[in-house]
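Over in TrEMBL, the protein carries these features:
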DOMAIN    1-361  domain 'Amino acid transporter transmembrane'
TRANSMEM  6-28  transmembrane segment
TRANSMEM  49-73  transmembrane segment
TRANSMEM  93-112  transmembrane segment
TRANSMEM  124-144  transmembrane segment
TRANSMEM  164-188  transmembrane segment
TRANSMEM  200-222  transmembrane segment
TRANSMEM  242-258  transmembrane segment
TRANSMEM  270-298  transmembrane segment
TRANSMEM  304-327  transmembrane segment
TRANSMEM  339-361  transmembrane segment
Amino acid sequence: MKQAGFPLGILLLFWVSYVTDFSLVLLIKGGALSGTDTYQSLVNKTFGFPGYLLLSVLQFLYPFIAMISYNIITGDTLSKVFQRIPGVDPENLLIGHHFIIVLSTVAFTLPLSLYRDIAKLGKISLISTVLTTLILGIVMARVVSLGPHIPKTEDAWIFAKPNAIQAVGVMSFAFICHHNCFLVYGSLEEPTVAKWSRIIHVSTLISVFISILFATCGYLTFTGYTQGDLFENYCRNDDLVTFGRFCYGVTVILTYPIECFVTREVIANVFFGGTLSAVLHIIITVAIITVATLVSLLIDCLGIVLELNGVICAAPLIFIIPSACYLKLSEEPRTHSDKIMSCVMLPTGAVVMAVGFVMAITNPQDCTHGQEMFYCFPNNFSLTNVSVSHFQVTTQLSILNVSIFQ
């Protein structure tokens, strides 16, 4: 919302969700037309070995970069949770960003990622969904109690902003699940295109509803001060948000293994014919997670990771490749609705990918990683209990800090 402009951002969110829904069904239709049951085999049969290699690189990079972003989120959120424990020194290295990443990797994400069957993560996914609902409730509560006390930026309500393409990249990152759609489709009881379509329609509808609420409540609270990681905006002494951070960290930890499944499957398909021995399974899993962890220890800013992953990997996986495969495989007339939509998606994806990459590099998001926002100072008072008049005085005292963000 911050990058696109609030009204245009809402419209783009609906559009990206529709394209996601359409392309997920299109992929399975392409698989049915070609007699294939994986994304890689579909592209291999459609465009040959060069297409297969390109897809494999994208399918590996997207979840791999997602794993990096999940580590950054875990470090950001849980470090602030542990800082709120009474008697704990906020400067203690054992509750620092980097230590939390390493600890969560060794204790949780690595063991969960060692599962061989993605269906075993079904109950874990349900827990993540429940926690997401709790987090959403906290964000909605704070837009009422906190939002009125934070000054709005001058451009808060303009219709569109020049960084809208970057916003599409972030939204694409949020919605994409194409890299593991065949895995999920294969895990269904009696998988059919019709059944898959119903599941995708319901899932996308729920996802866009949750995303709209998150985006709207977060942006209404912080407007132009919104960070790539929304929880970076809240003050550390807010106990309700601390609980939300804990839920968020757990959700991300439980989501991480699904991305690892995909990266491992890509390596297995490209280098080992699709199957891994027990020893290779462990070695490759440990290697993937180790590299992702090391990279995440070197990067602090979440926003640029989301943007680049969105435009480099998510855009071609959502917009370009599904539509290109369907256009080549389908024998439907050119006026068929699926072919018309595919013809629109393909060039749109190319534009988002090229322009979005350039803009993400030349106009990176602001990042205040690990820092308290200006409205949390001075006097270390709780914004959830502050009166408007008190905040007005505080704003005058913080005018130098405000200027940094305008």
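Quick reminder: no glycine exception, Cβ is built from N, Cα and C everywhere.
Caution: TrEMBL annotation is automatic and unverified by curators.
Sequence-remote contacts of a segment are chain residues at least 6 beyond its ends whose Cβ falls under 8 Å from one of its Cβ atoms, and for the transmembrane segment (124-144) they are 112, 210, 213-214, 217-218, 220-221, 230, 234, 238, 240-241, 243-244, 247-248, 250-251, 254-255, 257-258, 384. For the transmembrane segment (49-73), the neighbouring stretch richest in Cβ pairs under 8 Å, chosen from 6-28, 164-188, 339-361, is 164-188. The stretches the transmembrane segment (270-298) and the transmembrane segment (200-222) do not meet in space: the count of Cβ pairs below 8 angstroms, excluding pairs fewer than 6 apart in sequence, stays at fewer than three.
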